[in-house]
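Working notes for the structure below.
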Ligand code: SF4
């Protein structure tokens, strides 16, 4: 059995700092680390500092110095961590510095400098954490809550305002997932494009670099990790344009999941949707100029209170003009507690049913034509399922997210495993799926 990596812990300061130390220890212990009572037996030393008074700062600096002399590999966390300049000036060789209550950052710094050793005999949890998804793709949650107040939604009431995770914690998690075999990261949140707004885009240290908690910076960092990076729940804010350039460069998948919910300005206004502006069509055209391969998936609500026949027709025309590759549709339902329930103009159920059917018909038509344009191309696909008895595999293109979008059905496929990324030539399509054969090399 592999030996558990050992951590030495020096905990200074008040009871709050002590509780922080306990939390850090609990997390690390559950990940298979053990602890050493002396410097000698430790592979790395964690110093949880105090910075309340000058005397406490001095004591913390001395403790860091002692740990460096006795062991040499030191990570600093806690209140003095906010004064990184002071620590670096006195002790330039510390491995990483994180501030108070930054559990994720300190744990990810430990992972980086002393990776956990997976031990299949004692680990209840695999290296990548427990996942409900297959081994080759994983969801990566970058924030909780939402600052928007859409009239039909109660998520902010339940989950509160936006709370973004530090970039270092997300990147550390992504790295662990990729190490354990994940080939595709699905970035999720309630409002991915708002990532970091709540923390004013604060930086955190990842692999010796300061990384901003900002949508573009995070997308770029993730895109450089070598896995497919797919972005969900993005709103069409102007700063999204920059991320489309990352797609054109091939760093991030040419795929955007934007829950537009409607297109008619009246309905959008009543829905209080974020980034609601009349120029969205122009924005989409501009995106497609930058990245012609871009696929857009979206969701729409029909039968929202006050939606007129004109609003609905507007939506259908818009959907065609915007060429939404993948559209899902919900019939409006009054969720208990949602402000939209107070609105006049309730749409009868049979009208909702009719509009739903009409929208899905238009959406299928658009999807068919978009997919038809891919026929003849040679593309990379990721394999979700292998059916040897049928001599084919079920895969997905870069334009398809798992569970919600279509598939690429590859025939004459042999020697291919789940999770493989293979090159195929598209031979045909229907409304949802592409059909292909392995590409000849
Ligand atoms: S963006 Fe709107 S619909 Fe989405 S979670 Fe926030 S409030 Fe709800």
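The first residue you see is number 1, and the count goes up from there.
Every residue, even glycine, has its Cβ placed from backbone N, Cα and C.
Residues or ranges marked as domain 'MTTase N-terminal' by TrEMBL: 5-115.
Annotation comment: TrEMBL describes 14, 50, 79 as [4Fe-4S] cluster 1 binding site. A coil conformation is recorded for residue 14 ([4Fe-4S] cluster 1 binding site) in the three-state DSSP classification, outside any helix or strand.
What TrEMBL lists as domain 'Radical SAM core' is 132-369.
TrEMBL lists 146, 150, 153 with the feature [4Fe-4S] cluster 2 binding site. With a cut-off of 8 Å between CB atoms and residues at least 6 apart in sequence, the same chain places 146, 335, 338 near residue 153 ([4Fe-4S] cluster 2 binding site), listed in sequence order.
Residues or ranges marked as domain 'TRAM' by TrEMBL: 372-440.
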Could you check which of the binding-site residues 14, 50, 79, 146, 150, 153 have their CB within less than 6 A of ligand 1?
-> 146, 150, 153
Could you round the CA separation between residue 14 ([4Fe-4S] cluster 1 binding site) and residue 150 ([4Fe-4S] cluster 2 binding site) to a whole angstrom and send it over?
-> 42
Measure from the CA atom of residue 79 ([4Fe-4S] cluster 1 binding site) to the CA atom of residue 150 ([4Fe-4S] cluster 2 binding site) and give the result in Å, rounded to a whole number.
-> 38
Pull the DSSP breakdown for the domain 'TRAM' (372-440) and write it out as helix, strand, coil residue counts.
-> 4 helix, 34 strand, 31 coil
Under the DSSP assignment, what numbers of helix, strand and coil residues are found in the domain 'MTTase N-terminal' (5-115)?
-> 55 helix, 22 strand, 34 coil
Measure the Cβ-based neighbour count of residue 50 ([4Fe-4S] cluster 1 binding site), defined as the other Cβ atoms within 10 Å of its Cβ.
-> 21
Given the [4Fe-4S] cluster 2 site 146, 150, 153, its other Cβ neighbours within 8 Å of the Cβ centroid, in chain order, are 148, 149, 152, 154, 155, 156, 190
